[in-house]
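One structure below.
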Amino acid sequence: MWGLAIGQFLYALGDGFLYPFVAFYLTRNLHLPMASAGIFMGIAGIGYVLGQLPAGYLTDRFGPKLVAVMAYAISGVSIIMAPMAHRAWVWVIAYGLALTMTGVAYPAMLHAMTMKGTSKRRTQALSLLILAYNAGLIIGPLAGLPLALNHFSLIFWIDGSCLLASSLVLALAMPSGLGRRIGPKVRLFTGKVWRQWLYLPPWKQSGFWSLALGGTLIGVIYSQLASTFPMEMGHTLSVLRWYGLLWAMNGALIAVLQWPVSYLLQHRSRRFWMGLGAILYAVAMIVLGISAEVTMIVVAFLVVTMGELVYEPLPPGEYAEQAPKGFGARYQGAGSFFNAMGMVIGPVLGGLILSGWGKLGLWFLMGGLGLTAAVLIGHHVPQGRQTGTNAL
């Protein structure tokens, strides 16, 4: 468990150096206009979403160790190579491949953590994974700014090296047979196998779909904090330095509080806490709509952080209990696919709402989506595990 956490910390450490400054690199170093930079980032980001579903099948078939180790290694090499040609299209291919591989690694990491014993142990293990990610993410944005201004190529080397180090740690720390599904060898290009690669649970499994659809709405809501919010904040506060400080506060609080909160989460059902988390997200969005004062924005971010603390560790554990034997990673991949899809469509949707309905319409609609997510997540009658033979 601790080896997985260290691997996740190293991945987040590198990600924190690069991700906040990607747009800066495209506009300043590659001289792209903002609109083009956004399009290139969106094209590259599609890979992260698309990597989730086949990752589930590969993890169930070959085990999380092989998938995570290979994915992080390929991602690290791709990140290092991304700026070498100093061409936007080369960067998109290399960075898109890197994001696809991190998307592949994510369900593998979740599946490995959910295999750590009982339901209570799962919550603690996943909380540790989130804690490690946020601890790593705090450092990069603060240390990366001077490098972004003067030596951006070093950022790619740092991120790539962290990914390679994460791959090495996981190779040494993860048991080889963990989670591997033993089955007959199959041909890779038959229709049946491609259906398995893009597996989605059957519609009748309401436990999965209520959470997956609620998670999609949560992704839409959360994505506003990295898209429409900084745009609107720039007009109201005039200084975006507050934006970095808000995220630093968010990451630091999660790094400190996630582990003790994991014990609290054991005292009620996961559905209760996830529904509460969705309500907290909704409240934060409504607070942002009420006032643009600094104090209210800080309050909104604190409420968002509370929502993250009680929501984020729980969906993987719920998916693990819903999954039939041998389909655990595919359920993790499908669940994270829908959340990531919400994160991708959220900025587009938010931008349209902001331009058409204004700030008040945006944040109150996001609040409504949060309440809808709470209803979806809470509206579920347990039916037990399903068989995995029927896929969409």
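Numbering starts at 1 and runs along the chain as displayed.
Backbone N, Cα and C atoms are what each Cβ position is placed from, and that goes for glycine too.
Annotation comment: TrEMBL describes 1-385 as domain 'Major facilitator superfamily (MFS) profile'.
The transmembrane segment feature in TrEMBL is assigned to 30-50 (among others). Tertiary neighbourhood of the transmembrane segment (30-50): same-chain residues 22-23, 86-88, 91-92, 95-97, 99-100, 102-103, 337, 340-341, 344, selected by CB-CB distance under 8 Å and a gap of 6+ residues from either end.
Annotation comment: TrEMBL describes 62-82 (among others) as transmembrane segment.
Annotated transmembrane segment per TrEMBL: 88-113 (among others), in sequence order. Panel annotation: around the transmembrane segment (88-113), residues 1, 4, 7-8, 11, 15, 22, 26, 30, 32, 36, 40, 43-52, 54-56, 58-60, 64-65, 67-68, 71-72, 74-76, 78-79, 81-82, 122, 125-126, 128-129, 163, 174, 178-179, 316, 320, 328-329, 332-333, 336, 340 of the same chain, lying at least six beyond its termini, place a Cβ under 8 Å from a Cβ of the stretch.
According to TrEMBL, the feature transmembrane segment maps to 125-148 (among others).
If you look up TrEMBL, you'll see 154-173 (among others) marked as transmembrane segment.
Long-range neighbours of the transmembrane segment (207-225) within the same chain, counting only residues 6 or more positions beyond its ends whose Cβ lies under 8 Å from a Cβ of the stretch, are 201, 274, 278, 281-282, 285, 304, 311, 315, 318-319, 322, 331, 334-335, 338-347, 349-350, 362, 366, 369-370, 372-374, 376-377, 379-380, 382-383. Per TrEMBL, the feature transmembrane segment maps to 207-225 (among others).
Listed as Cβ neighbours of the transmembrane segment (245-265) (distance under 8 Å, sequence separation of 6 or more from its ends, same chain) are residues 123-124, 127-128, 130-131, 134-135, 137-138, 141-142, 273, 297-298, 301-302, 304-305, 308-310, 313-314. If you look up TrEMBL, you'll see 245-265 (among others) marked as transmembrane segment.
The feature transmembrane segment is assigned by TrEMBL to 272-290 (among others).
Summarising the annotation, TrEMBL assigns transmembrane segment to 335-354 (among others).
Annotation comment: TrEMBL describes 360-378 (among others) as transmembrane segment. Proximity of distant same-chain residues to the transmembrane segment (360-378), defined by a Cβ-Cβ separation under 8 Å and at least 6 residues beyond the stretch ends, is recorded for 210-211, 213-215, 217-218, 220-221, 224, 228, 232, 271-272, 274-276, 278-279, 281-283, 285-286, 288-289, 350, 353-354.
Within its own chain, the transmembrane segment (335-354) has Cβ neighbours under 8 Å at 42, 45-46, 48-49, 52-53, 103, 106-107, 110, 208, 211-213, 215-224, 226-228, 231-232, 315-316, 319, 361-362, 365-366, counting only residues six or more beyond its boundaries. Mean pLDDT across the domain 'Major facilitator superfamily (MFS) profile' (1-385) comes to 84 in this model.
Long-range contacts of the transmembrane segment (154-173) within its own chain (CB-CB distance under 8 A, at least 6 residues past either end) are made by residues 2-4, 6-8, 10-11, 13-15, 17-18, 21, 25, 65, 68-70, 72-73, 75-80, 82-83, 98, 144, 147-148.
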